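S.K.: My structure is below; once you've seen it, I'll send some questions.
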Amino acid sequence: MKCLITGGNVKVLGKAVHSLSRIGDELYLEPLKDGLSLRTVNSSRSAYACFLFAPLFFQQYQAASPGQDLLRCKILMKAFLSVFRSLAIVEKSVEKCCISLSGSHSHLVVQLHCKYGVKKTHNLSFQDCESLQAVFDPASCPHLLRTPARVLAEAVLSFPLALTEVTLGIGRGRRVILRSYQEEEADSTSKAMVTETSIGDEDFQQLHAPEGIAVTFCLKEFRGLLSFAESANLPLTIHFDVPGRPVIFTIEDSLLDAHFVLATLLEQDSCSQGPCSPKPHQPVPQKQAHSTPHLDDFTSDDIDCYMIAMETTGGNEGSGAQPSTSLPPVSLASHDLAPTSEEEAEPSTVPGTPPPKKFRSLFFGSILAPVHSPQGPNPVLAEDSDGEG
């Protein structure tokens with residue numbers, strides 16, 4: 001494989017790599033007849049991104065040498081990102097970029113031709129790999145939003161950098177709402193600040209979604225996508241369904257196509273505070289192998305099996321984690337077998353997902369009979385024998 005990129009397209013390629021670096025730690029490079037594909041996926045398989053650069057994007061493009069099969073490789077994202085670390089320098093000094101991949105060499109060669117005849121050559125180690133492909137279909141999503149990326153990029157500027165997730169929904173008057181999502185804690189006494197941005201439907205080229213629908217997804221990957229789309233001055237299309245189904249972001253142009261697929265949080269309860277205030281969720285990009293055991297399964301005398309079954313129930317019903325995280329392991333300490341205080345023994349109405357310890361108390365309290373300790377000392381059934389007599 002050999003391709004040559006010139007002019008401003010070098011910066012476009014660098015911007016794409018920066019967007020991909022916000023998702024995964026590995027870059028999958030695959031030359032195709034339709035163009036050069038750059039893909040990545042995060043470690044939890046809850047976010048996937050793909051850029052396909054058409055042959056017209058390059059001044060020269062050769063997917064494979066005559067008589068040779070198409071090659072594909074996997075590279076460390078940090079290594080490839082180092083080539084385009086400073087986009088300002090790339091824009092000012094780099095005139096063209098040549099990327100070559102050969103089966104007879106053990107390196108991916110990226111050569112930057114700079115001003116004044118300076119050449120920078122990067123030999124990047126790679127591994128052979130299978131093709132990375134996510135299964136998704138934007139046409140299957142009933143809801144669609146299409147707007148210039150600048151509109152959404154300006155909207156997310158109001159959110160703090162430390163914010164993990166954002167909720168996108170349709171409010172009253174068909175206004176698009178972006179709201180910061182904070183997972184509620186059972187023992188939280190102070191409410192965190194909530195930021196909400198409202199955008200009128202006149203700023204959208206297409207808006208096909210009913211009022212009240214809302215999905216929550218990770219903001220970090222969304223920022224990276226908006227950064228690329230805004231710099232390329234391209235519109236962004238959002239395909240989404242009900243909470244729990246992935247949201248698909250697409251960018252289409254004659255020179256490139258981009259697809260970002262992000263997992264959304266699943267609603268466990270009905271929303272009562274509007275379309276953009278979802279209740280606790282759990283990610284569903286991966287099929288869960290565990291299922292909620294029947295109550296009869298808890299009557300086993302084997303305490304290990306009992307704990308495993310209970311832990312599975314707590315993981316399925318009490319998960320309220322982010323798309324890229326999972327429920328922390330359940331502690332098997334002996335003091336968790338029964339409530340240790342009056343607050344734990346009495347069930348209370350708590351908004352949000354109760355912590356795992358609360359679930360342990362409720363599950364055991366519903367299966368095991370409560371143990372009441374007598375108020376006074378235990379009665380003496382037999383007195384101590386007199387050792388001297």
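A Cβ is built for glycine as well, from the same backbone N, Cα and C atoms used for every other residue.
Annotations for this protein, taken from Swiss-Prot, read as follows:
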- Tyr28: phosphotyrosine (MOD_RES)
- 51-91: region 'Possesses 3'-5' exonuclease activity' (REGION)
- 266-389: region 'Sufficient for interaction with ABL1' (REGION)
- 271-296: region 'Disordered' (REGION)
- Ser272: phosphoserine (MOD_RES)
- Ser277: phosphoserine (MOD_RES)
- 312-389: region 'Disordered' (REGION)
- 319-328: compositional bias 'Polar residues' (COMPBIAS)
- Ser341: phosphoserine (MOD_RES)
- Ser373: phosphoserine (MOD_RES)
- Ser385: phosphoserine (MOD_RES)
S.K.: Note down the number of other Cβ atoms within 10 Å of the Cβ of Tyr28 (phosphotyrosine), including every protein chain shown.
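M.R.: That number is 21.
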S.K.: Let me know the DSSP-derived helix, strand or coil state of the residue listed as 'phosphotyrosine', please.
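M.R.: In the DSSP reduction, the residue listed as 'phosphotyrosine' maps to strand.
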